[in-house]
Amino acid sequence: MRAGAGAAGESCKDDGVRPDDVSRLTADAVVRRVALLAVHTSPLAQPGTGDAGGMNVYVLQSALHLAKRGIEVEIFTRATASADPPVVRVAPGVLVRNVVAGPFEGLDKYDLPTQLCAFAAGVLRAEAAHEPGHYDIVHSHYWLSGQVGWLARDRWAVPLVHTAHTLAAVKNAALANGDAPEPPLRTVGEQQVVDEADRLIVNTDDEAKQLISIHHADPARIDVVHPGVDLEVFRPGDRQQARTALGLRPEEKVVAFVGRIQPLKAPDIVLRAVAKLPGVRIIVAGGPSGSGLASPDGLAQLADELGIAERVTFLPPQSRTDLARVFHAVDLVAIPSYSESFGLVAVEAQACGTRVVAAAVGGLPVAVRDGVSGTLVSGHDVDQWAAAIDGLLRSNAGAQGALMSRAAAEHAATFSWENTTDALLASYRRAIGDFTAGRRRKVRDPVAARKPRRWTARRGVGA
């Protein structure tokens, strides 16, 4: 398991290829073109709507920053409207390919496995239009993409790097009321992708441990790469100007919840906590998603039941610029999720100098420095959340509030996309070095060359 850049491991020392051979192959690896796979949600979709969230931001921003290093990036995603053009040139060196696979509308994410063959065919056809060896590496995002990624890896003879973003077993262990468990099909599919991937990229050390304990991943194949934040967009700004733009009074205390409105994200916890704090206003920025679609007005109804409807402002999903303005305007951002592989919203808020109160789950203890840039809450007890929010609000006007605000911005600055891109490229080069060494081993061992590539090492997963 590696954090950021590092030397290649020694897994090849008994296979006819010396460790220093792998190190040399890694150092010599050249990344010219990358195929990014994002089957279930487009990087061009507005975060906070449907299935769009932090992963969308991650895929798009990593592609843009790789392109700034002179690397060509093609992102493959499923077309969801007949008006989607086959190819969208997002920026120099970055294009999105909208692959037609299944109906444009009305296809639930849980039905997408039925369309993976069609999606894979579209990906392979796109590559077939180029000269052999067009892509140097495949990077799949989420397990559905990983299923297509390992097929492309074998067809193109290039390494597969995979980022899970979330794991079914982790989500199922922390289900919120009203959320349906992830199906066994996904658990099996995730195990297959973990077994097949040449390298696995995770957001945090905690996620790496989960991959190892749940899916028996090889620690030597895991790279820890923290997501980045756009520090040009998310930076400290004028609070009063932002409040005027949003119609907020200069003196009122304001808490924000930003994200998809679904049980997993627990926006109801914030409303119930704020209901215990007289005079505190809450801004909810986001749209219903997942099981939240079953009751799109549920949060507004809850505000009515709690008697705080006049203190709740609902905003649609925000563009990055508008989201930064929301962060500038509020006193703190609340993130009470039951499960969160990282928590990009937490870092974006802190980059604006806004403190965060977050659940101590998943990657949030990495995204938020407890007692320094914000507060972490263990569990989802409403009284504890009310106390945590009240404590930060009371310190707002004093020296402690200003100190935490500066600390928040300083902490967020360590999560730049430049650092993320450096770590991604290091992982890509390791994957290419290991993959090349593996192919050389096959040439030296004719018996191994006749074996299926990875099937002999596969582990089954019970439902």
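Yeah, the Cβs are placed from backbone N, Cα and C, and that goes for glycine too.
Here is what Swiss-Prot records for this protein:
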BINDING   HIS40, ASP51, ALA52, GLY53, GLY54, MET55, ASN56, LYS109, TYR142, THR166, ARG186  1D-myo-inositol 3-phosphate binding site
BINDING   GLN46, PRO47, GLY54, ARG260, LYS265, GLN318, GLU340, GLU348  UDP-N-acetyl-alpha-D-glucosamine binding site
BINDING   PHE327, HIS328, VAL330, THR354  Mg(2+) binding site
REGION    443-463  region 'Disordered'
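Using ALA52 (1D-myo-inositol 3-phosphate binding site) as the reference Cα, a 10 A cut-off selects ARG260 from the binding-site residues ARG260, GLU348, THR354. Here the CA atom of GLU348 (UDP-N-acetyl-alpha-D-glucosamine binding site) lies 8 Å from the CA atom of PHE327 (Mg(2+) binding site). Each of the binding-site residues ALA52, VAL330 was scored by the number of other CB atoms within 10 A of its CB, and the lowest score belongs to ALA52. Distances between the Cα of PRO47 (UDP-N-acetyl-alpha-D-glucosamine binding site) and those of the binding-site residues GLY54, TYR142, ARG186, THR354 are shortest for GLY54. For the UDP-N-acetyl-alpha-D-glucosamine site listed in the record, the two most distant Cα atoms among GLN46, PRO47, GLY54, ARG260, LYS265, GLN318, GLU340, GLU348 lie 20 Å apart. Around LYS265 (UDP-N-acetyl-alpha-D-glucosamine binding site), the same-chain residues at least 6 positions away in sequence with a Cβ under 8 Å from its Cβ are PHE257, GLY259, GLY286, PRO336, SER337, TYR338. Sitting within 8 Å of the Cβ centre of PHE327, HIS328, VAL330, THR354, and not among those site residues for Mg(2+), are the Cβ atoms of ARG239, ALA242, ALA256, ALA324, ARG325, VAL326, ALA329, ASP331, VAL333, ALA349, CYS352, GLY353. With GLY54 (1D-myo-inositol 3-phosphate binding site) as the anchor, the candidate binding-site residues are GLN318, VAL330, THR354, and the one with the nearest CA is GLN318. For GLN46 (UDP-N-acetyl-alpha-D-glucosamine binding site), applying a Cβ distance below 8 Å and a minimum sequence separation of six or more within one chain yields ALA52, PRO317, SER319. If you compare Cα positions, GLU348 (UDP-N-acetyl-alpha-D-glucosamine binding site) sits closest to HIS328 out of the binding-site residues ARG186, HIS328, VAL330. Counting other C-beta atoms within 10 Å of each candidate's C-beta, the binding-site residues PRO47, GLY54 are led by PRO47.
When the binding-site residues HIS40, ARG186, HIS328, THR354 are screened for a C-alpha within 10 angstroms of the C-alpha of GLU340 (UDP-N-acetyl-alpha-D-glucosamine binding site), no residue qualifies. When the alpha carbons of TYR142 (1D-myo-inositol 3-phosphate binding site) and ARG260 (UDP-N-acetyl-alpha-D-glucosamine binding site) are compared, the span between them is 18 angstrom.
Around HIS328 (Mg(2+) binding site), the same-chain residues at least 6 positions away in sequence with a Cβ under 8 Å from its Cβ are PRO236, GLY237, ASP238, ARG239, GLN241, ALA242, CYS352, GLY353, THR354.
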